[in-house]
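Database features, via Swiss-Prot:
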type	residues	note
COMPBIAS	1395-1413	compositional bias 'Polar residues'
COMPBIAS	1414-1426	compositional bias 'Low complexity'
COMPBIAS	1427-1439	compositional bias 'Polar residues'
DOMAIN	1096-1233	domain 'TIR'
REGION	1301-1332	region 'Disordered'
REGION	1388-1446	region 'Disordered'
REPEAT	133-156	repeat 'LRR 1'
REPEAT	246-270	repeat 'LRR 5'
REPEAT	295-318	repeat 'LRR 7'
REPEAT	320-342	repeat 'LRR 8'
REPEAT	344-368	repeat 'LRR 9'
REPEAT	393-416	repeat 'LRR 11'
REPEAT	417-440	repeat 'LRR 12'
REPEAT	442-464	repeat 'LRR 13'
REPEAT	513-535	repeat 'LRR 16'
REPEAT	584-605	repeat 'LRR 19'
REPEAT	653-675	repeat 'LRR 22'
REPEAT	828-851	repeat 'LRR 24'
SIGNAL	1-16	signal peptide
TOPO_DOM	1071-1446	topological domain 'Cytoplasmic'
TRANSMEM	1050-1070	transmembrane segment
């Protein structure tokens, strides 16, 4: 029975996946089927434990779970014994002096020394400290912070076989490492087990293992060894007689280190008998093919949890005895051919958690592994399974293919696996289960197919799997119960949850007579009728949660005699009458979150132990037949319903856990829990309980030491009147017949008294806060209640409310807020608190409160009180609190507070007090708090009153917001008092003095009330007490006495200078914004450049990406070229060739006054990546960074600053950086660009043919200009159709140049006109030349390059000369031919050179042509008068060419 109850504690279904790597994982159970049934499939258990290797090695005694902290000297042991041979020593640390006293371990064979983990101090191990322990066989040192293990540290332990040393130095610090020496293990010839784990080791010294020739187990886990060579196997040169170190080693654990690679030289081949190698949890990313060479005895290798991407061929070739290979959790994406070749003894291969694909797992991967039992390929990237993949794995029993992307499995793929009993194909992409998929799996007992895309299950798919016991088809796309299940007569658990099954009939589970667990959660099942489960006689767990079930027919489960647990939660059930009453075996029933309205205990079977009906609409826990002995429910969850009342019959007597929270319970019947002897917990929080009596929570007597039942009552609107005072004391009751309230801090009370907060936490209430209202009350011993003048009769005054506590020790009379002018009559004589605030009492008459000897608190604040008569508070001997604040009191004469010897708190703030006589406070011997702030007091010797009347009893005083005098004598005394009583004075920051302002004199202080407008407030410095009095506090003005009039001009000059400095600082700080504003609004460029080169072809050249051409043409260029004033802008992808060379780009920048870069992500990825553009920009800006303007996108700032070539420009202050997102973008851009207001000049080019007379120059073209083509026409949109057909002009060598070539053929919307020569036919021109040029380049196989657009400019830059010299540079095209042509060239006039340059270069477009012709003709006219013959010999170079060549 206990086992069954454990099965019923879970809600969700989970089929346990059996894994050979975790053999201790439990079989699927009934809790997994809610459940599931019990699995009985026999599995092969492969042990990963190597205790057989250590069977002859005694182990050190374990450390106690909670060892006592050692006390006393550091080296003094706190001994504990486990038997006669095992000893445990606990101490703080090991010190060299005095030596470690091990007398308590004499004769023992096992010793554990554990240092305190709380002391991070270095321990020192003396040499031969264990020499006296001749019989010791096992030694363990734990948590001792050793930094060195000296030579011969264990001398004398000749019989020691096991040594475990764990310093945990990494907890001390990353640099605290344990240093070993070659002879640290000297004398331990019998040592077989050495554990050096968790020591923060960096390396093992050479020859460290030489003294321990019989060592079999070496543990180096959790250290910081980074290279395999640092483990000391490579250079183990032991002397003669020492034997071969490591020859007997069988187990090596180097996991959890920092190894990155393993080469063939790490020396592990010396370990001939090594059987187990653990290198897991390192940083291995590379292995040598000879890393495991020589390990012929190796049986287990663990390389899991590393970073291996591939493995070398022949890695395991020398280890034919391998049994297990663990390669999980790496980054393997391929396996070399023959990796497992001839490993015929291999039993386990784990390749899970890698990146293997089906292209690298084929029929040769596992060939020859005929003894393989476990194969784990889970969490990889397999997409298909070939029918030959597992062709030789005849003895395979467990195959895990979980979490791949397998979408296709060939027929008969598992046919060779006739011993397979566990197959996991979960979390793949299978769509169909065909008839031949599981052929050959005759002994398959567990099949997992959840989380696929299965929608079709063919009828004969399981015909060869008749022994299947566990089947998981959850989370697929099934629409019905597969008919193929009828072949599984031995099936015990079936999971069909999370599918789309709508209905099933009486034949759906035919032949499943052994089925014990059925899971159908989260489907679309409708109603349940008789016969649906009739073929499941052994069904014990049924999960139908999260469906659409509205009704269950009576008798639907009559054939299921063994049904023990049912889940029907989250359905639409409205009635369960007669459905479950006959299920005598039912123990667990979940009906939560349905639509149940009616519930009765007659609906459930008598043996039910666990019932969940929360989240319904149940209004009462009915028990019509008053069943108590017949009900055995122990856990009942009826929360989140509509229950309004509970009583003794609502709760079974066997109940242990009761959850009825979040209901509408407003009444708990008395003794509702008395008969519940096993009650442990009741949740009643979040209900509607307002009143609760102590007897209503009474429980059955609980005998100690059994704990009291736990009740939770928070979240109820309790009205904490005088009947609820027990709630604070319930946990302190000693009768043990009441529960323990566990959430006392969460209980809140609705207070019946209107004073204070309406809702207060229970923990903050006092006993006198639990009050009940009354109108009239007469005590039992009072005999005068029938008479009018009866002092013992409690009658509440009219228009007042009165309250009392449980024992009438507190009597509150609240007459506040009535605005009455008369004190209430017949206030009860036993009143303890009286509220008279918020009324209108101009005068408090004498003897107004006579006879109220129990009055403790009186509130007369805010009642317009202007005077208090003599003996008003007479006979109030118990009064402790008196509130007179917010009234109109002006003077206290000294008799007001007589006989108030018990008064502790007096509130006089916010009145109009100007005078308080010294005797006023004398009777207040017990005063602890007084407030006189917010009045009109001028002088009050409060320090004398304090010393005379209060002494040390006064704890709080408030003096602020008065009109204290600034007279020297008074002010010194006041400031000294405040400074000396800083802990008592609560409002020192509000204390100030009032002095007469200038012109009024000291007479203003004589009547401060009438002259308040002529006073000025002055702050007081309480840190300068005792200082000499000055006229500052005497009433004079500062200007009259403090500052001489002669200093006024100097002060004015200083202020003017300060103002000027502030203005200059602001102008300097915002100088850039000011410049831009002045330029944008008035056209004034302040502090601009002294000289701006105006004789330039363009104002700016704009470098941008071709992808940004639309924005550049339609926005930037349009705004700049059409604005006022218009600018001449050269666009890179409009006015230059698309593949412009370095020289073309360089010249374009040199004839422009500014270089503008549109810095976008497209520009960085395209244009800036070109070497020609970067080189041109650098050359053009060399020494002139102010010429650069950068328009940058905000999102590319980080990428731009990451560019090492672009960063200097971005960090230079002379460069203009403008963000496109700046709201003053256009103003800043125009300010950064040069502006020349246009001057009208005459145009030398007209349409009249008579005005032009050009000579035709015939001469061979320069060889350096052969490979040039004209630029494309300058246009932005498709509307510019003129000149689109212009083609490059090419001039062959020695060809004559016609005069027509002096003019551009590339035009824009407005082409540049040229004159027509005499005899020239219209339409003739360069067409023939173009054809000739095309033939020339086609004949020579050459592509004509772009023509330089500025070669026709006759200016200071000498473009033709520059180009000639550039072409003569090494690597320039045509350099040698150019030099020869220049030597052979004779002198010609400048005009003739100009025509030659125009013929060779061509033009850019209309704008370039017009500007070029204008400059050419102007310069021609100037040069005709003074010809300047120049020898074009290559010896003279332009200034820019010389600078470039330098």
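Glycine is no exception: its Cβ is also placed from the backbone N, Cα and C atoms.
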DSSP composition of the repeat 'LRR 24' (828-851), residue counts helix/strand/coil, works out to 0 helix, 5 strand, 19 coil
Outside the repeat 'LRR 16' (513-535), at least 6 residues beyond either end, the same-chain residues with a Cβ under 8 Å of its Cβ set are 13, 28, 30, 32-33, 35-38, 474, 489-507, 541-560, 562, 567
Under 8 Å between C-beta atoms and at least six residues away from its ends: which parts of the chain pack against the repeat 'LRR 22' (653-675)?
614, 628-629, 631-647, 681-690, 692-693, 695-700, 709, 712, 715, 739
What else in the chain is close to the repeat 'LRR 1' (133-156), if you only count residues 6 or more beyond its ends and a Cβ gap under 8 Å?
58-61, 63, 93-94, 102, 105-117, 120-125, 127, 162-169, 172, 176-188
Tertiary contacts of the repeat 'LRR 24' (828-851), defined by C-beta under 8 angstroms and 6+ residue spacing from its ends, are 755, 791-792, 794-796, 802, 808-821, 857-876, 883
Taking a Cβ cut-off under 8 Å, which residues six or more beyond the ends of the repeat 'LRR 9' (344-368) line up next to it in the same chain?
20-21, 46, 304, 320-335, 337-338, 374-386, 388-393, 400
Do you know the DSSP helix, strand and coil residue counts for the repeat 'LRR 19' (584-605)?
3 helix, 4 strand, 15 coil
What mean pLDDT score does the topological domain 'Cytoplasmic' (1071-1446) have in the model?
58
